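Below: one structure, written as structure tokens.
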């Protein structure tokens, strides 16, 4: 698997070099002026913690050296994409101080779902900022930008231009919580029943953004959550349910079902939207390969979390998450981070490390996991 991916990426890199030498407009800037992101904790750059301030502990230790509103030890995929396109990190839409929206906004929040939650954050842990809410925030943001320019309001220096919405990337990395939140309680087969509704909501959101001017959409598929320490310790299973890499077979089969349906739905959406670019990003392929062959990427640990409690094989405890402290067996215990997160695929049993995010980002940028082919690296001048 690792060699197949490497061959594909080598071919994509060759195509990229040829295009840059013969087909690139040397005097152009980025084809895209902004990024508008919709998602959950996999792409939240601080929205959740702006709404519910509390983050502490080892989060952000690798790059930011302190908690930075991200569910990782460092940068996320969206951070790498923004920087590669010559943009600053995306400001969270919910952040009131220090935001700069000239190059887009991030509507993602930790624990968000595609479907509207039927319970509260404090009962289920699910964010109130579902995809529908994020879409409404995007629409209101556009209204405010248009009005601010028309009325020459103060604060224009931190807002994008009125024409930016047709020259932006719209990225979606959401759906994981819809899949995992009910997994332990109702099982894989019952979760699969509502996955078409999840995908339909994503496609519908793309169509609504197209209606207000959006033309380029990138949709990241669902990760192989059957390899996540949090799922491996929280989902009842036998040894027969595990593949040779230690991942849950029935869970990852359901993920594959979701991704196949997502790809098919996006293909149909692509035919319905004139002059739109709708890209399916198979980030699952890279992340699965990272879990299965970490050494091929210069890493050591696949299904073991860097930050957690419990030791081998998963270093994850359902009652003691990364950075938290509680009394276990009459002793105060803290779920601490490892000293070398660059050697781990899993940061906290639920999210990827910066190192894993970097590998995934490089595959997105070189076009090796884009369907149809879409070499994002080629859209900016050197």
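Placement of Cβ uses the backbone N, Cα and C atoms for every residue, glycine included.
For reference, Swiss-Prot has these:
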type	residues	note
ACT_SITE	41	active site, nucleophile
ACT_SITE	348	active site
ACT_SITE	351	active site
CARBOHYD	118	N-linked glycosylation site
CARBOHYD	263	N-linked glycosylation site
CARBOHYD	275	N-linked glycosylation site
CARBOHYD	330	N-linked glycosylation site
SIGNAL	1-28	signal peptide
Which chain-mates of residue 275 (N-linked glycosylation site) that are at least 6 residues away have a CB under 8 A from its CB, listed by sequence? 215
Using only C-alpha positions, which one of 41, 118, 263, 348, 351 is spatially nearest residue 330 (N-linked glycosylation site)? These are the recorded positions in the record. 348
Cβ atoms other than its own within 10 Å of the Cβ of residue 348 (active site), all chains, total 29
For the residue listed as 'active site, nucleophile', identify the closest of the recorded positions 118, 263, 351, judging by Cα separation. 351
The number of other Cβ atoms within 10 Å of the Cβ of residue 330 (N-linked glycosylation site), counted over all protein chains shown, is 5
What's the CA-CA gap between residue 351 (active site) and residue 263 (N-linked glycosylation site) in angstrom, rounded? 23
Distance check, please: Cα of residue 263 (N-linked glycosylation site) against Cα of residue 348 (active site), rounded to an integer number of angstrom. 29
Go through 41, 118, 263, the listed recorded positions, and name the one with the sparsest Cβ surroundings, counting other Cβ atoms within 10 Å. 118
Whole-Å Cα distance, residue 118 (N-linked glycosylation site) to residue 348 (active site), is 27
